[in-house]
């Protein structure tokens, strides 16, 4: 969806208890208020089993050469017991705890104490202090956008160490991968629990807190909309972007270094993983200011879903292709390598241009050209908790006229390209987990986002979906 949000002068926008839908639905668009039995069952399942799912994937590579079937076969046939698998699993070490503590502390330092300077010399880059979208309570938060700078500093130091200082091995992440998993889990649960306690006793903005009365739902999906410590440390922006996404490219580099150590070369498939996922990560940080307008910041509250998910799920399961290629190096033929590269670049073009069209439409309030002509749109209005009325435009031109979430379509194409780098038959399921997971995630996100939008915009949303009937794939879905 492409939406331009603007505040009208107060005499125009303050219409308390009027228009568009009932007041009840107007103030629910930030997050669900009621928890049905299916949602509760799903949440309990994830809270209980998601950490074990991550462990199972990483353990299968460490002990079973990335086979997801062999561990189950061994257990069901009695060849091995759970205790056998667990006893072979590396434990938490002081070395891993030290590495992880220094890593997170360094990223906090870069985030809080080093104001952005990249926007001063990089043309087109938007950094420094930026405003976020309007929250359900009508607040507008300010953010210090310095993720690109943190990424650059981190990677300059990484390469300086690898080629000059030699303080630690470039394979350090791979060599401590499972002990680091325990550290990431500790941080994920600690920050999620702290965020919940904070929402009860000292919330940043009490009006942006939502309590369902269900402990498990509130713990997972979060209560506080924008928990902060001090003026600038915003939990959502930090944990969504740092330390997980900054680490993404470092993790892949560590995998490549391990390939070089084990086999004396880095395969073209590993290079493709590093290049394609590196483009995605750099795009995230180059457009971090734009990220302030996305569902994670604009709608999700901060709970276990984001806190643990960004600390554990993202760095461990989004990098499975590189991990697989350490155990199963694949040298693609030239035609396959070029084909995967082209697919990855096309997917990035679709993803970036779709988001560019939305951003251009927002910035110009629709006074721009999309594909050579003035864009079409649906006029909408909505209300915040305090009864203030806001106005939006939902674009129905360009890629956004093809499907309501066409940026996700580009994302899925890129996910497929990552998985295809591991193609050497279909000997293992693990490399293709990412495309399966992203399809489920983005489809669910479409439905979840559209439920919020209907609650937010009411009948105007129905007009929009009539104008753009497809979610992801034009003519199909």
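Note that Cβ sites are derived from N, Cα and C of the backbone, with glycine treated the same way.
No curator has checked TrEMBL annotations; they are predicted automatically.
Computed from a predicted structure; not experimentally measured.
Database features, via TrEMBL:
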- 1-14: compositional bias 'Basic and acidic residues' (COMPBIAS)
- 1-23: region 'Disordered' (REGION)
- 37-58: transmembrane segment (TRANSMEM)
- 92-114: transmembrane segment (TRANSMEM)
- 148-165: transmembrane segment (TRANSMEM)
- 177-197: transmembrane segment (TRANSMEM)
- 237-255: transmembrane segment (TRANSMEM)
- 262-282: transmembrane segment (TRANSMEM)
- 302-320: transmembrane segment (TRANSMEM)
- 332-351: transmembrane segment (TRANSMEM)
- 415-442: transmembrane segment (TRANSMEM)
Contact ranking winner - 37-58, 148-165, 302-320, 332-351, 415-442 against the transmembrane segment (237-255), Cβ under 8 Å: 302-320
Annotated stretches the transmembrane segment (37-58) and the transmembrane segment (148-165) touching (3 or more Cβ pairs under 8 Å): no
Contact call for the transmembrane segment (148-165) and the transmembrane segment (177-197): at least 3 Cβ pairs under 8 Å, seq gap 6+: no
Chain residues outside the transmembrane segment (92-114) and at least six past its termini with a C-beta under 8 angstroms from it: 144, 146, 149-150, 153-154, 172, 176, 179-180, 182-184, 187, 230, 232-233, 238, 242-243, 246-247
